[in-house]
Amino acid sequence: MADVVLRNVRKTYPGGFEAIKGVDFAVGDGQFCVLVGPSGCGKSTLLRMVAGLETITAGEIEIGGRVVNDVEPADRDIAMVFQNYALYPHMTVYNNMAYGLRNRGMAKAEIDARVQEAARILELGPMLIRKPRQLSGGQRQRVAMGRAIVRHPKVFLFDEPLSNLDAKLRVAMRVEIRKLQRRLATTAIYVTHDQLEAMTLADVLVVMNGGQVEQIGSPLDVYAKPATTFVASFIGAPPMNLLTLAHDLRSQLSGAPPEAGILGVRPEDLVIGPGTAAQGGLALDITVEAIERVGPETFVYGVRAGHEARPVVAGKPGEGAGGDVIVRIPGQAAPPVGERITVVAPPHGLHLFSADGRRRIAG
């Protein structure tokens, strides 16, 4: 086991494109860290830099107290699980798991003991003589994890390992990965664009955007107190409502500081009716434009009077902070499309951000 520390890590490609712009964070010994963000944010590039598959332009990466900037991937004592499994199709499951150990010159008895141990942990025993084409997607992913386990690494690295699986299998494998990491107590860094995956797996969540870290914290802290409007709109489904703090809204929030320019409220913190909010709270008149019933809850999509509906764009308050409002209500009862309703939020459900969306002010 080992901690992983990144200090002012940068990556600039030929031509001047800066993919990673001075990233700092630490993953404690035995922690499960998830890097999450949209496509192109730099999360996979950063993971590959930790693995040694991408060079570092500047900064330091430390694993277990050792700076590894110039250390070859095979000598970093890490194991990586890829999105596409990276299994040898002509080899059995047993040989896929044993291959790397044989290349390192490990004794046959030790190889067998490690493969059998991993097969027992992952319930792969009956499949050891099969080849990858005879396995389901979930079974192939377990073999890929088994190949990582047999190395007894200090750090596990996961690069979107579940993205090729169907929704039901993703949930099952997500649970299995978390159980496995806790059982082995090995430090892990996991990359995903799926915020639900990130929230359920992480001890430490690192939200990335444009090659930079937007926020670091526990999943619940990041959800409850997003540092920027990007985090507010990216973490959470449906996303946080972001509204420009114009005069009509500011007049309801007597304590709002003058530097606040955007008001945020989670869909679940809005309640339909009554017509007035509690002292310090918020009341909005909206016209219902769409309803989504998803079983135990319903999403009501509306637009404020005098505003046009606009798509919410994560991290771009000028485009996303408009008149659109999403309300999350329990059950299936909902007002009809076209009806004008009032929704209210209590003071503790309100979040204030700077006008550029880069700074949390209150809430």
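Note: Cβ is positioned from N, Cα and C throughout, glycine not excepted.
Per Swiss-Prot, these features apply:
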DOMAIN    4-235  domain 'ABC transporter'
BINDING   Gly37, Pro38, Ser39, Gly40, Cys41, Gly42, Lys43, Ser44  ATP binding site
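The C-beta environment of Gly37 (ATP binding site), restricted to residues of the same chain at least 6 apart in sequence and closer than 8 Å, consists of Lys43, His193, Val207, Met208, Asn209, Glu214, Phe234. Ranking the binding-site residues Ser39, Ser44 by other CB atoms within 10 A of the CB puts Ser39 at the bottom.
Cβ proximity to the ATP site centre (mean Cβ of Gly37, Pro38, Ser39, Gly40, Cys41, Gly42, Lys43, Ser44, cutoff 8 Å) flags the following additional same-chain residues: His193, Met208, Asn209. Reduced to three states, the DSSP call for Ser44 (ATP binding site) is helix.
Non-local contacts of Cys41 (ATP binding site) by the CB criterion (under 8 A, 6+ apart in sequence, same chain) comprise Met208, Asn209, Gly210, Gly211. Residues within less than 8 Å, Cβ to Cβ, of Gly40 (ATP binding site) and separated from it by at least 6 positions along the same chain comprise none.
Ser39 (ATP binding site) falls outside any helix or strand according to DSSP and counts as coil.
Here the binding-site residues are Pro38, Gly42, Lys43; the one with the fewest Cβ atoms within 10 Å of its Cβ is Pro38.
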